[in-house]
Amino acid sequence: EEPVFLRKKITLLRAFSLLIGSMVGSGIFISPKGVLKNSGNVGFSLVVWFACGLLSMFGALSYAELGTRITKSGGHYIYILETLGPLPSFLFLWAEFFAIRPANSAVVSLAFGRYLLEPFFAPCAAPVPAVKLVSLLGYYTVLTLNSWSVSWSARVQTALSVVKLLALALIIVPGMMLLAQGHTENFQDAFDRQSLVLDKLPLAFYAGMFAYSGWFQTCFVREELIRPERNIPLAVIVSVITVIVGYMLTNVSYYTVLGTQDVLASPAVAVSFVQRAFKSLISVVPVLVALSCFGTMNGGIFTFSRTLFVASREGQWPPLFSMIHIRRHTPLPAVMLMFPLVTAMVCIGDIYHLLNFFSFSRWLFIGLATLGLIVHRYRHPELQSPFKVPLFIPVSFTIICLFTVGMSFYSDPVNISIGCTMVLSGFPVYYLVVRRQMSDRCRSLFYYLTHKLQLLLEVVQQEIKTY
């Protein structure tokens, strides 16, 4: 009875909530250990945190310009497709679907399960099977929510963004109070050179950038944003500055209360912090952290489903995934596609190995996307973008991303080689499946299966062009 398409339901507040909700998640509660371990000391780890924030701002500003130049949704995928061509965009899609996104979702899901169960088993660690079971239940809940309603997903994200900021405040305030009382002993010899581990520095940046990741999320839903030319840059700048300040204060609070060895030994840094500094909140903060991770899962599913939706519309993914539910107006097939891989990674994965595994591919393609901005400017000098950043910002961001990716082969050759192999495995798939025409028999079978699934899921192609 009405046209089927993705509605513009994301206001400036919802865009801000999407960014905050995606950035402030499991990262700030699990990455301090990874940053400290791979940087060597307290002082240099704080430098890494600030540098990651500055680098994220450079990347976010570059993506804000891309989001005003290219009017389609899809984030990294569509920017690489429009600027560098179909092969690199498909390689990104291949790596994103089979490695980056399921590993990222598994990391956040495992953090959700661990923090939610931690108060019930303290001072002992929560049993691993129980953590994985609760992690999967949380992920499936978010999956159902995104399949049901775009508006409800956005409302939940807005509410959880407030919870995330509250969780940070409950860590920052007691830490700052202790620091004001003169508890600075954990900052003595903060830049001890003997503990530096420069060969592991790319892994420290991966851990820090994982905590900041999410600054690109509005670009994935560009077609559903109200006034994107104004709201993308505004939401990006305000949210990234907010997160940088919050993360720096949170890390200072961690180190004020916990020593270096305490942070390295803790499986859940925020819980160890509360046990030491604010015992009356011992059962509250882990739940807030778990809800924070829940919001990150919600934001991740919300945005990645749009990547699959756009890739299908562009002809590089099966057409079923560019279809929309006739009543819910959600990209139901694209939302549901990820759950088998995420389930497998949660069942077999470990947080820190998964972190290094997917970070290589993610930052390689983000660097290529900002390289694409430079190429797009060169090819289309006549195009007047409503938002434009100085050229040194995308150039600096691209060089740092690609240099860090190259250095990571030396830091963690095994996991990085697995990630590289995953990317390269997309070459034969592209040439054998995407570029090559199917035979008439295969095409008939393919469309028959698509039609049956379409009837089962009650989905149809988008009827109105939204870009």
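Numbering starts at 1 and runs along the chain as it is shown here.
Just so it is clear, glycine is given a Cβ too, placed from its N, Cα and C backbone atoms.
Sequence-distant neighbours of the transmembrane segment (12-30) (same chain, 6+ residues past either end, Cβ-Cβ under 8 Å): 107-108, 111-112, 115, 154, 157-158, 160-161, 164-165, 167-168, 210-215, 217-218, 221, 225-227, 230-232, 234-236, 238-240, 242-243, 246-247, 250, 268-270, 289, 292-293, 295-300, 302-303, 351. The feature transmembrane segment is assigned by TrEMBL to 12-30 (among others).
Residues or ranges marked as transmembrane segment by TrEMBL: 42-64 (among others).
Per TrEMBL, transmembrane segment is recorded for 76-100 (among others). Beyond the transmembrane segment (76-100), the same-chain residues lying 6 or more positions past its ends with a Cβ under 8 Å from any Cβ of the stretch are 63, 66, 70, 216, 219, 304, 307-308, 310-311, 314, 316-317, 337-338, 341, 357-358, 361-362, 365-366, 368-369, 371-373, 375-376, 419, 422-423, 425-427, 429-430, 434.
Beyond the ends of the transmembrane segment (120-142), by six or more residues, the same chain brings 105-106, 109-110, 112-114, 267, 271, 275, 282, 290, 293-294, 297-298, 301, 339, 342-343, 346-347 to within a C-beta distance below 8 angstroms of the stretch. What TrEMBL records for 120-142 (among others) is transmembrane segment.
Annotated transmembrane segment per TrEMBL: 162-183 (among others), in sequence order.
According to TrEMBL, the transmembrane segment annotation covers 203-221 (among others).
Marked as transmembrane segment by TrEMBL: 233-257 (among others). Same-chain residues lying 6+ beyond the ends of the transmembrane segment (233-257) with a Cβ under 8 Å from its Cβ atoms: 12, 15-16, 18-20, 23-24, 28, 32, 42, 45-46, 49-50, 53-54, 56-57, 60-61, 63-64, 68, 165, 168, 171-172, 174-176, 178-179, 183-184, 186-187, 211-212, 215, 218, 263, 269, 273, 276-277, 387.
The feature transmembrane segment is assigned by TrEMBL to 277-297 (among others).
Sequence annotations record features per position, and here TrEMBL assigns transmembrane segment to 332-354 (among others).
Among the features that TrEMBL reports, transmembrane segment is placed at 360-379 (among others).
Same-chain neighbours of the transmembrane segment (391-410): 55, 58-59, 61-62, 65, 199, 201-203, 205-206, 356, 359-360, 363-364, 366-367, 370-371, 373-374, 377, 416-417, 420, counting only residues six or more beyond its ends whose CB sits under 8 Å from a CB of the stretch. Per TrEMBL, the feature transmembrane segment maps to 391-410 (among others).
The transmembrane segment annotation in TrEMBL covers 416-434 (among others).
Taking Cβ pairs closer than 8 Å, the transmembrane segment (162-183) reaches residues 20-21, 24-25, 28, 246, 249-250, 252-254, 256-257, 270, 273-274, 277-278, 281, 284-285, 288-289, 291-292, 295 in its own chain, all 6 or more past its ends. For the transmembrane segment (360-379), the list of distant contacts is 59, 62-63, 65-66, 69-70, 76, 79-80, 82-84, 88, 91-92, 95-96, 99-100, 104, 206, 209, 213, 216, 391, 394-395, 397-398, 401-402, 404-405, 408, 415-416, 419-420, 422-423: same-chain residues at least six beyond its ends, Cβ to Cβ under 8 Å.
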